[in-house]
Amino acid sequence: MRSKKLWISLLFALTLIFTMAFSNMSAQAAGKSSTEKKYIVGFKQTMSAMSSAKKKDVISEKGGKVQKQFKYVNAAAATLDEKAVKELKKDPSVAYVEEDHIAHEYAQSVPYGISQIKAPALHSQGYTGSNVKVAVIDSGIDSSHPDLNVRGGASFVPSETNPYQDGSSHGTHVAGTIAALNNSIGVLGVSPSASLYAVKVLDSTGSGQYSWIINGIEWAISNNMDVINMSLGGPSGSTALKTVVDKAVSSGIVVAAAAGNEGSSGSSSTVGYPAKYPSTIAVGAVNSSNQRASFSSAGSELDVMAPGVSIQSTLPGGTYGAYNGTSMATPHVAGAAALILSKHPTWTNAQVRDRLESTATYLGNSFYYGKGLINVQAAAQ
């Protein structure tokens with residue numbers, strides 16, 4: 001009898017220990033996952049020769065999980081908990097640890113904007129963007145649209161791997177403003193003969209990690225794009241994002257980015273990133289009367305303006321619709337850059353940018369209007 005009681009007591013004790021251990025493990029796992037976030041870990045330039053395996057080890061040894069190592073940025077995207085972040089910031093090989101922020105699309109029959117920026121003047125001369133490659137870094141492009149010529153692309157959205165499907169419609173709309181075909185249907189783009197490339201970095205909700213955008217820009221560099229359009233942005237800066245944008249520009253690419261839809265806030269800049277970086281052309285929005293759109297972000301970083309109110313363009317499923325936003329203004333600038341390059345293929349990206357800015361039509365205070373409304377006819381002279 002005593003032996004039976006002893007056995008029951010032992011069994012109960014073992015069960016209790018197992019239950020407590022399991023509960024503790026579960027609590028630890030839950031606690032760890034709840035504090036894990038996405039970060040970008042940058043390594044010091046003196047460590048540029050460090051192997052990919054060694055960089056991965058530095059992060060893994062601190063408990064982090066490497067998601068992606070970049071090609072042109074000496075950094076890696078990783079999932080880290082708070083402890084790993086603190087330890088990595090102390091590591092002598094690490095230059096910075098920054099949150100992998102999320103960017104969003106800036107969204108609100110021949111579109112009036114095409115005439116407003118004087119694109120038809122170049123069309124009549126036979127310049128329509130031929131042999132110019134434009135990367136639309138966005139939510140993808142519906143390549144089945146009969147009014148679009150999509151030549152290639154890639155997706156960096158892990159859950160949406162097809163760059164030719166556009167769940168939010170944003171990228172398809174942007175693409176049409178840049179290069180909708182000169183045919184008997186739909187709308188006309190600024191640069192109808194330009195080659196479009198769908199670089200998907202935003203998901204169907206219109207959001208994307210900065211690391212996805214970095215991957216997209218790296219793809220554009222590696223695939224020798226001439227122009228990058230980024231109708232997206234976020235409120236937070238990023239060393240890694242700035243590095244790759246600067247690399248794109250130093251590689252000869254014209255980079256146009258939406259200034260943002262935050263309106264104005266006194267004397268404070270509301271321009272988002274990456275438009276805020278000096279190497280990009282930051283684009284604000286005006287209406288058909290050249291009045292600044294109330295939603296258009298303002299700041300000293302603003303470079304030029306373009307039409308961005310009630311812009312008619314392509315939508316998925318072979319349809320069309322009108323959107324508002326600096327997202328809609330930016331492709332007018334990207335398309336204009338493609339037009340200029342089709343007329344002057346030997347011009348550098350710096351020359352293209354200088355011409356777009358120096359020939360822009362003055363509209364008012366540069367804090368709100370930058371250099372003014374682009375005039376591609378004058379810019380291409």
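The backbone N, Cα and C atoms fix where each Cβ goes, and this holds for glycine too.
Copied over from Swiss-Prot:
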| type | residues | note |
| --- | --- | --- |
| ACT_SITE | Asp138 | active site, charge relay system |
| ACT_SITE | His170 | active site, charge relay system |
| ACT_SITE | Ser327 | active site, charge relay system |
| BINDING | Gln108, Asp147, Leu181, Asn183, Ile185, Val187 | Ca(2+) 1 binding site |
| BINDING | Ala275, Tyr277, Thr280 | Ca(2+) 2 binding site |
| DOMAIN | 38-103 | domain 'Inhibitor I9' |
| SIGNAL | 1-29 | signal peptide |
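Sequence features, as recorded in Swiss-Prot, placed on the structure.
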residue : record                           : DSSP (3 states)
Asp147  : Ca(2+) 1 binding site            : coil
His170  : active site, charge relay system : helix
Leu181  : Ca(2+) 1 binding site            : coil
Val187  : Ca(2+) 1 binding site            : coil
Ala275  : Ca(2+) 2 binding site            : coil
Thr280  : Ca(2+) 2 binding site            : coil
Ser327  : active site, charge relay system : helix
Shell of the Ca(2+) 2 site beyond Ala275, Tyr277, Thr280, same chain only (C-beta within 8 angstroms of their C-beta centre): Val245, Val255, Ala257, Val271, Tyr273, Pro274, Lys276, Pro278, Ser279, Ile281, Ala282, Glu301
Candidate with the highest Cβ count within 10 Å, taken from the binding-site residues Leu181, Ile185, Val187, Ala275: Ala275
Whole-number Å value for how far Asn183 (Ca(2+) 1 binding site) lies from Tyr277 (Ca(2+) 2 binding site) (Cα to Cα): 37
Between Thr280 (Ca(2+) 2 binding site) and His170 (active site, charge relay system): CA-CA distance (Å): 21
Set of same-chain residues at least 6 away whose C-beta sits under 8 angstroms from Asp138 (active site, charge relay system): Glu105, His170, Gly171, Val174, Ala175, Ala198, Val199, Lys200, Val201, Leu202, Asn229, Met230, Ser231, Leu232
Tally of DSSP helical, extended and coil residues in the domain 'Inhibitor I9' (38-103): 21 helix, 25 strand, 20 coil
Cα distance (Å, whole number) from Ala275 (Ca(2+) 2 binding site) to Ser327 (active site, charge relay system): 11
Among Asn183, Thr280, Ser327 [recorded positions], residue with fewest other Cβ within 10 Å: Asn183
Among Asp147, His170, Tyr277, the most crowded of the recorded positions [Cβ within 10 Å]: His170
